Amino acid sequence: MKQDRKYFGTDGIRGIIGSCNMNHDFLFRVGYAAGIFFSEKIKNKECFIVIGMDTRSSGPMLSSAVKTGLLAAGVNILDVCSDAIPTPAIAYLVKHFDADGGIMVSASHNPYNYNGVKFFSSHGTKLSEKDESNIELYIEKQTIYSDRRKFGRIDFIQNACDIYLDFCKSTFINDINLNGFKIVIDSANGAAYKIAPRLFTELGASVFMVGSKPNGININDNVGSSFPELLIKEVKRTKSHLGIAFDGDADRVQMVDHNGNIFNGDELLYVIIKDRLRSDKIKGVVGTHMTNYGFELAMSRLGIGFDRANIGDRCVYEQMRKRGWLYGGESSGHLLCLDRHTTGDGIIAAVQVLSAMVSFRTKNLSYLLKDINMYPQVINNINWDVRKDWKDCRSLVSAYLRAKNLLSGNGRVLIRKSGTEAVLRIMVEAKSFDIAKKYSKDIMSSVHI
């Protein structure tokens, strides 16, 4: 049953810096609450939590607040905040150090004036909604720590990035390299700005960089997976075979081919599945309500089951575990390969796509996608009060139903609240871009802002 949560959204706690749920005092309470929660899980033994952050200027302040709360709760900290580190690295380091949980201070793809807190279990997986609700209960309680006999300590982990880098390399095909590949990497001025170029260079590729000079306020600023234009220009300028774009904390990935064609999470997941089928039997794949209908048809053609989960990589993961399936993902670029990692990981997903290209002996990403036909999608955002149900807006409902009926069997319409921003996301999918654009325009014009 869905849990009612006050602070947690689709992926942790997130907000604008200085707001009521994203300031030093509140994140102290979050850290303390998380510390009590994780300690209660393990009862009578020392509790260890891994904590990291991305490149946002607010990261040191907010991570120090979380750490202070953890220490006050008697929790020991494995601190990897000496440099920026990807969110999926925290998930791996939790398992590597046999820690009891992990915390990442990041707002993922959002701009620098946002920040957030993500949580991982001792298994390196996102916390369930039930666990998040339990943390909220501790947040709401008055903080009492003066009578504690023991406070936590901090151990600084200096080689965390090296440990994660070795793990990423281990997911590549054995005894094969990327010699001869020219790759442009866009790290969104975010957490992957050091690790990603090192990884692909050590795998043998010639690497060019954009979005690799973080200054604390330029994370996701017209760079990264949400803004591929600069990457496309650099791929063409350098005559590279491929461009790889991550978001601010590197849990999302998108790619462009040598001609500058953009490929999203659905298409990259298809490439991974296509490669895995050469050696493994795949029972099923989990997407979301945003996953392209063309992907669903492709899975049917390959004899692979397909399920749609709610938006959010945790929802995808939970559905995968429920079905016993290993592969899933979101159009946005959260891709999960549970035979490689416990969580969505943009860097490891990129490694899997490159493994497929090597396996198929091609440097042309489009070649691996010539047998899948994606339906054109038009996605727009409408500013929206998240406290309101869009189904109470008669004009919007009328436009939605009209488009849905006219597209029946030849497309889809989806309206949903964002889990991270105060917007409605409007997605229209049809056999032609013009049709999708027409119905999207009709729906957008039905709302009077």
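Each residue, glycine too, has its Cβ placed from N, Cα and C.
When TrEMBL records D247, D249, D251 as binding Mg(2+), the matching candidate from S108, S121, S122 it lists for that site is S108. When the alpha carbons of D251 (Mg(2+) binding site) and S108 (active site, phosphoserine intermediate) are compared, the span between them is 8 angstrom. When Cβ-Cβ distances below 8 Å are used as the criterion, the domain 'Alpha-D-phosphohexomutase C-terminal' (403-444) is approached by residues 9-11, 14, 107-108, 110, 289-290, 292-293, 311-312, 375-386, 390, 396 of the same chain, each at least six residues removed from its ends. Across the domain 'Alpha-D-phosphohexomutase alpha/beta/alpha' (5-143), the DSSP tally of helix, strand and coil residues reads 55 helix, 30 strand, 54 coil. Cα to Cα, D247 (Mg(2+) binding site) and S108 (active site, phosphoserine intermediate) are separated by 6 Å. The 10 Å shell around the Cβ of S108 (active site, phosphoserine intermediate) contains 29 further Cβ atoms across the protein chains shown.
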